[in-house]
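Per TrEMBL, the features are as follows:
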{"type": "DOMAIN", "residues": "9-300", "note": "domain 'FAD/NAD(P)-binding'"}
{"type": "BINDING", "residues": "Thr19, Glu38, Lys46, Tyr50, Ile90, Leu125, Asp287, Thr329", "note": "FAD binding site"}
Amino acid sequence: MQKEMNPCYDVTIIGGGPTGLFAAFYAGMRDMKTKVIEAAPYLGGKLPYYREKFLYDIGGIEAITAEDLTKELEAQARTFDPTIVLSQLIETMERLDDGTFRLTSQTGEVHLTHTVLVAAGGGTLVAEKLDLPNARQYEGRHLHYKAESLEQFRNKRVLISGGGDSAVDWAIALASIAESVTIVHRRDEFRAHEGNVAQMRNTSVHIMTSSLLCGIHGDQERIYEVTIEHFDSGEISVLEIDEILVCHGVKPDLGEIKHWGLKIERGRVIVDAWMQTSIPGIFAAGDVAEYPGKLPGLIAGGFMEGPAAINRAKAYLEPYEDIKPIWSTGHPKLMAIHGES
Ligand SMILES: Cc1cc2nc3c(=O)[nH]c(=O)nc-3n(C[C@H](O)[C@H](O)[C@H](O)COP(=O)(O)OP(=O)(O)OC[C@H]3O[C@@H](n4cnc5c(N)ncnc54)[C@H](O)[C@@H]3O)c2cc1C
């Protein structure tokens, strides 16, 4: 009964980036009951972070935007109708007595699987924190690392710290909603899209470059003011503020996967030539996987490593079968799906 309610999959792929999506397609070609679990509420892994940029190094495709590549990958991944679960960050992994893996997400949902493919990239993206001693005290209340909604800043005096795309985008968006917006950036030039910087300069946003947010002053309840150091003059100024939005970028973190007992070096899971990790039945591929000769940070690498891992997972599930790589040409199900006779 329990199994019917929570079926056990042949392979569960952690991560819905390019590697995980292509591996899901390949696992479908191998007739494996497949589940993909993605922490974000959308698929694509890193691709949505540069959706408008063109990629020119995807084999056989002259040029494609990251957004269109995501669409193509998702369509292909869905060919064999895998189960796709979004907004679930897998945290714990247990091996049950019968060898099945039990994965649990941050929501408490349990996923049963015979094999696991970790295609988690560098992990999920965690905001770079503000390096000030009392910053934590205001976190989530008056100090934010992402803006959940514009409304929370309505009629507030907002300080944005950062100089990249997201800092500038938020400054533009909040200019007409907040009582005041000040953007503080430690460099003399913004690193954001030129057009957006120009747009921001045409709003009421107060811009402070070559400046650093160096102190927060308030009580248990709220922030009253901040101090800002101006590098050119050496002066320190004080600004009355209600809310702080920190946009210092994000860094990837493997999170709880680090504690599964996998061999991990410099944030990467060590695999052998078959993408097998140090735990039998768990495989890794794509940006997260490390082995001698690895070409890091390349989508094409994940397109090779994913199928290699899936082939090995299939061999793990059927140790007495002679598992050979397969082609899509002549694949009966694919021919039927695409109306080929
Ligand atoms: C600006 C930029 C430009 C780039 N340009 C190119 C290019 O031109 N050509 C190229 O080949 N490569 C390029 N890359 C690199 C390419 O994007 C990566 O190599 C590729 O995205 C790696 O795919 P992946 O599936 O292995 O990992 P990712 O794309 O990182 O996907 C991993 C997914 O796993 C999810 N995840 C992590 N942990 C968990 C968990 N515990 N539970 C559930 N889900 C989890 C993450 O949310 C993420 O969605 C570029 C990268 C950047 C940032």
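Here the Cβ of each residue, glycine as well, is placed from N, Cα and C on the backbone.
On the structure: features taken from TrEMBL.
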residue: Thr19; record: FAD binding site; DSSP class: helix
residue: Glu38; record: FAD binding site; DSSP class: coil
residue: Lys46; record: FAD binding site; DSSP class: coil
residue: Ile90; record: FAD binding site; DSSP class: strand
residue: Leu125; record: FAD binding site; DSSP class: strand
residue: Asp287; record: FAD binding site; DSSP class: helix
residue: Thr329; record: FAD binding site; DSSP class: coil
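Comparing Cβ neighbour counts within 10 Å across the binding-site residues Thr19, Thr329, the minimum falls on Thr329.
Taken as a whole, the domain 'FAD/NAD(P)-binding' (9-300) shows an average pLDDT of 95 in this prediction. The FAD-binding residues named in the record, Thr19, Glu38, Lys46, Tyr50, Ile90, Leu125, Asp287, Thr329, extend over a maximum Cα to Cα distance of 38 Å. For ligand 1, the neighbouring binding-site residues among Ile90, Leu125, Thr329 are Ile90, by Cβ distance under 6 Å. Around the Cβ of Glu38 (FAD binding site), the number of neighbouring Cβ atoms within 10 Å comes to 26. For Tyr50 (FAD binding site), the same-chain residues 6+ apart in sequence whose C-beta sits under 8 angstroms from its C-beta are Ala66. All protein chains considered, the CB of Lys46 (FAD binding site) has 17 other CB atoms within 10 Å. Local packing around the binding-site residues Ile90, Leu125 was summarised as the count of other Cβ atoms within 10 Å of each Cβ; on this measure the leading residue is Ile90.
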